[in-house]
Amino acid sequence: MSQNYYQILGVSKTASQADLKKAYLKLAKQYHPDTTDAKDAEKKFKEINAAYDVLKDEQTRAAYDRLGHDAFQNQQSRGGGGNHGGFHPDINDIFGDFFSDFMGGSRRSSRPTSAKVRGSDLKYNLTINLEEAFHGIEKNISFSSTVKCDTCHGSGSEKGETVTTCDACSGVGATRMQQGFFTIEQACHKCQGNGHIIKNPCKKCHGMGRYHKQRNLSVNIPAGVENGTRIRHTGEGEAGIRGGNSGDLYVDITIKPHDIYKVDGANLHCKLPISFVNAALGGEIEVPVIEGGKVNLTIPAGTQNGDQLRLRSKGMSKMRSTIRGDMLTHIHVEVPKNLSKRQRELLEEFKKESINEKENDGSFFNKMKSLWS
């Protein structure tokens, strides 16, 4: 009793299409006449191909399961189907599929590309300042690209001319030729793999359906954009070949360093110089903010050099949000270098008072002891 197609491939009747393909590729590699000298290799290889040709199609597989092996073969014989003759799939195709499935490799198809080809994506580096990043801005950019031909409207054919299907390959773009055990597929020599013939190419774009041009485009930069943000503009890349879809334009944002602020996410940091009098007595001073103008910042009495004071919601805006970050001021107490006579007298008096207080409470000597203990 002859084996059924499932037995030939070594799988169960409930095997998935993926399991069928794996089994076929493994056996085809093993028994292909070009890879083995076994006497029964050609016969075995034909059986494997016949089995897979039936089972890989859901409709024919269902008919096979319903009729059974013998009845299905008889019906195929009467209908003239199932005759593979001396045809052998290209061993390179089998190896390509095998390594793609089992070795994790990528296979490059030998089939030519279609006439329509998608345009390439473009990248544009745009530098903005921090204020522009905070508020958001619309920028006009200029770049070289390919655009859809306005004479042939992307078809590649001279105005009024039609693009005809290649009669040599019937629009497939490839021709197949059998030589012994091998089937060779190559790009159609008549249409160069396009599948179509342009009898009268457009003079402006030379049959490509596009041409090079310097483009100007207005791009919207949203408020709160961060350094390194990439903004995609769909369809604004290079035009496709012969009516293919356009690629995309990616605008990469770089924010210039600021003279006052340093950015930390949505927070801003700045160095704030104050006099030692303000640090000691406290008070209010005006500080600039990123949105423009100034706000009052309260300096607590006794503020030390290096202290950090926070202005809430005075940092950067956030994309697609009403929430803002904070501004953190880092205090830098400035000591005057040039004193008037009166200022010196007052400071000398302050010095004496300070020494007496330290001596009376002993804190000065206690601090000194702690440094040496």
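Cβ coordinates are placed from backbone N, Cα and C, and glycine is handled just like the others.
Noted in Swiss-Prot for the protein shown:
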DOMAIN    4-68  domain 'J'
ZN_FING   136-214  zinc finger
REPEAT    149-156  repeat 'CXXCXGXG motif'
BINDING   C149, C152, C202, C205  Zn(2+) 1 binding site
REPEAT    166-173  repeat 'CXXCXGXG motif'
BINDING   C166, C169, C188, C191  Zn(2+) 2 binding site
REPEAT    188-195  repeat 'CXXCXGXG motif'
REPEAT    202-209  repeat 'CXXCXGXG motif'
The repeat 'CXXCXGXG motif' (149-156) versus listed stretches 166-173, 188-195, 202-209: most Cβ pairs under 8 Å: 202-209
Chain-mates of C166, C169, C188, C191 with C-beta within 8 Å of site centroid, Zn(2+) 2: D167, A168, S170, G171, V172, G173, A174, T175, H189, K190, Q192, G193, N194, G195, H196, I197
Binding-site residues: C166, C202, C205 - member with fewest neighbouring CB atoms within 10 Å: C166
In the chain carrying C152 (Zn(2+) 1 binding site), residues 6 or more apart in sequence that have Cβ under 8 angstroms from it: E158, K159, C202, K204, C205, G209
Other same-chain residues whose Cβ falls within 8 Å of the Cβ centroid of C149, C152, C202, C205, the recorded Zn(2+) 1 site, in sequence order: D150, T151, H153, G154, S155, G156, S157, E158, P201, K203, K204, H206, G207, M208, G209, R210, Y211
Euclidean distance between Cα atoms of C169 (Zn(2+) 2 binding site) and C149 (Zn(2+) 1 binding site), Å: 27
Structural state of C205 (Zn(2+) 1 binding site), classified by DSSP into three states: coil
Neighbour tally for C169 (Zn(2+) 2 binding site), based on other Cβ positions within 10 Å of its Cβ: 21
Packing count at C188 (Zn(2+) 2 binding site) (other Cβ atoms within 10 Å of its Cβ): 20
